[in-house]
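To keep things clear, I will list the structure first and then write my remarks on it.
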């Protein structure tokens, strides 16, 4: 279950010199700032700072990106508690009880509860990942190309259908993304969709495209806002009271454990992740509580439930990324791009051959949480005021970083031009309700999907009956259909039963 | 109830996506009609075109083909100047250089968004523009187009 030789190598990878750790503190700070700024996303931070990982080795790059992830998951809770504005969708449920606590003058306690729950959540998630990653890779090893193909399609469908009533648009965005991902040379060495441009022979530059779609297009949307929060009384941050919150959080180990387990498993499902896990955990905690009516009025258990779940989701989504090489959302999509930049392909082979690297990433995250406590405490007073920065200063600054970063990636004007084109596409997508994450993940997985399908075709000799001999493929395909039509079918049955019951 | 305003943009985006899909499919067929080339592209393109058609039919039935989804969406024309400025910035990078283009972009953005404290406007644009351009030029191993600073 645990490869102890790899554990030893991982420890030496991390501790023989200090260099891997140099990037962790800046990573956490970046994550905290982007997480704490409503409108800015963690995936945006990761996309903008991705070019910097060009100068890092793979372990260092992963530590940097996971540090942003970790910092962001706690950072997003700060405005949720202080101003009732979740920094990202993963902290929606944090605001349900965090803000009422703040209104009662208990905002410091709420911040303490959130910080400890986040820290324990990350620890718990990575501990589960540490124990499960080897068995998981063994299971994944049994998946052939046909299974991988339907897993990609299923993941895409889940991500695309997240937006309730706009499922069709989500699917269009995801599938067009997949098509864009196949632009360039095919397996036969012929180039498609390049319009005669040599820079497209290797495909669309995915990272600048991702920067445009995730970051720039979102910033356009925020451009007409004066301040993030127009008016809100400032709340004094007191470290002593935050420590009281630490103790308060530890009184609810069951809530934390439930949130953690929910977070890690929900986080592993592509497209769902922390945005859903915090709400699920909150609802479950409220449902099981002796006094459900106290929720929404400043019950610290609500904050514990939400923050422990959204923090463990990070490890869940990392499990999918490492074991299958498939990103579950925006943040892991950026990590997949970092894998590609370092010529690494995620999947069971990677886990088996580079177990030490996988363990090093996990161990580094154990250490990161302790750094998060210290940096979180130091930065809370600053982060509490970040929403007072005028958007007119924030937006051009981040746009400039994205443009220069993209130039750094391609070494020519292709990068900035790609950012611009995909920023406009992303802006239109957001405006008309198309799923931007589905489109980006489609672009990332297009080539992989084509390769998997081609290998299935070669193995089967073009015989479709081959699929019938692959029960796992059929099961995943059935799951795909259920996630697409399940709810509609249920509604249809309910409607049919109603007249009979009546 | 509000009377929904007409908005052709949504339909145009849908048609653009269908148009791209069709063009890409044709281009792929032109390159090679071998199964290895079209194994994913052909069925996926047909699937996209099918979903687009379904979306159009459903919205025709609902009478929402020419309306904007969601009343809360901000009109596109309010954001258009920012998008235009950003496009001008990217296009001007090669001629004005990353240093001058960035300073101008930030200054114009601040001006457009109502900054009237000239000291702050000029100070921030110069400091951030030249600062980031210098940082990236120093960090990157290849030359960066610059007008005043060294690339």
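A Cβ is built for glycine as well, from the same backbone N, Cα and C atoms used for every other residue.
Which of A:453-471, A:472-490 counts as transmembrane segment depends on TrEMBL, and there it is A:472-490. Beyond the transmembrane segment (A:357-382), the same-chain residues lying 6 or more positions past its ends with a Cβ under 8 Å from any Cβ of the stretch are 3, 6-7, 9-11, 13-14, 20-21, 24-25, 28-29, 32, 58-59, 62-63, 66-67, 70-71, 74, 78, 111, 115, 118-119, 122-123, 126-127, 129-130, 133, 237, 239, 242, 315, 318, 322, 350-351. Listed by sequence, the residues of this chain that lie at least six past the ends of the transmembrane segment (A:111-133) yet keep a Cβ under 8 A from its Cβ atoms are 1-2, 70, 73-74, 77-78, 81-82, 94, 98, 237, 241-246, 248-250, 256-257, 259-261, 263-264, 267, 300, 303-304, 306-316, 318-319, 322-323, 351, 358-359, 362, 365-366, 368-370, 372-373, 376-377, 380.
Scored on C-beta pairs under 8 angstroms, the neighbour of the transmembrane segment (A:472-490) with the top count among A:139-160, A:321-345, A:394-425, A:432-449 is A:139-160. Here the listed stretches are A:48-69, A:139-160, A:167-185, A:432-449, and the one with the most C-beta pairs under 8 angstroms to the transmembrane segment (A:321-345) is A:48-69. Of the candidate ranges A:48-69, A:139-160, A:394-425, A:432-449, A:432-449 contributes the most Cβ pairs within a distance under 8 Å of the transmembrane segment (A:167-185).
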